[in-house]
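Colleague: One structure is given below, represented as structure tokens, and several questions about it will come after.
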């Protein structure tokens, strides 16, 4: 370690001493080795507070994201293409907490990064890598929702292979953005407070500046632009649909609720990553700036809190997932209540159905009035001419065909052969079974 201290830092090695900074009580911290002792000028209770905060965040995140993975693995109806990215988000957040959260908890208890240089590089890379995967998963989720609802490619439908390909691109692209510091383009080094490791924001070297600019562009500006574009197009689509059904209050309510949910998603993204991005740009632009180490630690803690509220916003607010989650709880009373509510929802839950017609096709966008649950397309069956619900983006399926509907289906087929148009259901209505839908479209 002495040799490490004496050797001059280079862009291929991790510097052993942090620059001097103003301490929490106004004193100036001298050059110190973050792998051997705590930063001078910071009271021990500050590290204890940070350890308690990280312990709480880590425990909540591990529990929530592990529950998401277990429930999705147990219930087949949740394993749909649009849900793949949600499971990927949970897995990335789980890894951030398991590695970054747990390491930060123990290092804050000690007051310094006692694990050594190589562990610092590994922790900095792993947390940054999995954090970027989670960040790009949010952008991919927004794009997939835009793709499913707005249908920019017409009848092209999102399938499992497309969802898996999108996730593979996210992981490979994130690796390409976070691996360079390990290979020599910039570096991972201890933070100013000395208990976590991160990209080298503080260097004035050109190669460090170029990496930070690349990282900022590809891991903040680009995904944020994808999120704004996708949700902007989605809201625009819903507003147009609402204008075509001006007399339907439920349609307007569904549109307003979806808009509010989108605003919450974007604000959550900005609250998580804007402090980190702002801090990185300020420190990179002014490497000689003196910041309080505790203040400099805030952006990193903000980014780690996303592992707690991401599952709440994107997963637990989904009614279908909540119902499945309750089924794995040990409390039998909750299971019975959930089963009753789920059965009753068939008759009480309303959707705002938006009809968009194209030659040879009719598509419906059903917005559940309680969550961002998009049911994909509702189109006439080629065999019967009957409007049947197809696989929804949330994973729900229409009820199986009923033999009692055979005469009506034959009547619908005859009407289709004669060129008689079959109306689509475009008004606000309760969710119907297959038999009820058929009886409404072609009454006997």
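Yeah, the Cβs are placed from backbone N, Cα and C, and that goes for glycine too.
Straight out of Swiss-Prot:
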- 1-46: topological domain 'Extracellular' (TOPO_DOM)
- 1-20: region 'Disordered' (REGION)
- 7-20: compositional bias 'Low complexity' (COMPBIAS)
- 72-83: topological domain 'Cytoplasmic' (TOPO_DOM)
- 109-123: topological domain 'Extracellular' (TOPO_DOM)
- 144-162: topological domain 'Cytoplasmic' (TOPO_DOM)
- 187-210: topological domain 'Extracellular' (TOPO_DOM)
- 239-260: topological domain 'Cytoplasmic' (TOPO_DOM)
- 285-292: topological domain 'Extracellular' (TOPO_DOM)
- 318-444: topological domain 'Cytoplasmic' (TOPO_DOM)
- 331: S-palmitoyl cysteine (LIPID)
- 341-360: region 'Disordered' (REGION)
- 388-420: region 'Disordered' (REGION)
- 409-419: compositional bias 'Low complexity' (COMPBIAS)
Colleague: Within the topological domain 'Cytoplasmic' (72-83), count helix residues (DSSP H, G, I), strand residues (E, B) and coil residues, in that order.
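Modeller: Per-class counts: 9 helix, 0 strand, 3 coil.
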Colleague: Taking every residue in the topological domain 'Cytoplasmic' (72-83), what is their average pLDDT?
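Modeller: Result for the topological domain 'Cytoplasmic' (72-83): average pLDDT 89.
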Colleague: Which sequence positions outside the topological domain 'Extracellular' (109-123), separated from its termini by at least 6 residues, show Cβ-Cβ distances below 8 Å to it?
Modeller: 4, 14, 16, 34-39, 42, 44, 47-48, 51, 99-100, 103, 182, 187-190, 194-197
Colleague: Can you name the far-off residues of the same chain, 6+ from the ends of the topological domain 'Extracellular' (187-210), with a Cβ under 8 Å from a Cβ of it?
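Modeller: Distant contacts of the topological domain 'Extracellular' (187-210): 11-15, 18-19, 21, 32, 34-35, 38-39, 42, 47, 50, 100, 103-104, 107-108, 110-113, 120-121, 123-125, 127-128, 181, 279-280, 283-284, 287-288, 291, 293-294, 296-297, 300.
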Colleague: Just give the helix, strand and coil counts over the topological domain 'Extracellular' (285-292), going by DSSP.
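Modeller: Across the topological domain 'Extracellular' (285-292), DSSP assigns the residues as follows: 1 helix, 0 strand, 7 coil.
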Colleague: In the topological domain 'Cytoplasmic' (144-162), how many residues does DSSP call helix, how many strand, and how many coil?
Modeller: 10 helix, 0 strand, 9 coil
Colleague: I'd like the per-state residue tally for the topological domain 'Extracellular' (187-210) from DSSP, helix first, then strand, then coil.
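Modeller: For the topological domain 'Extracellular' (187-210), the helix, strand and coil counts are 5 helix, 6 strand, 13 coil.
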Colleague: Give the residue counts of the topological domain 'Extracellular' (109-123) per reduced DSSP state, in the order helix, strand, coil.
Modeller: 9 helix, 0 strand, 6 coil
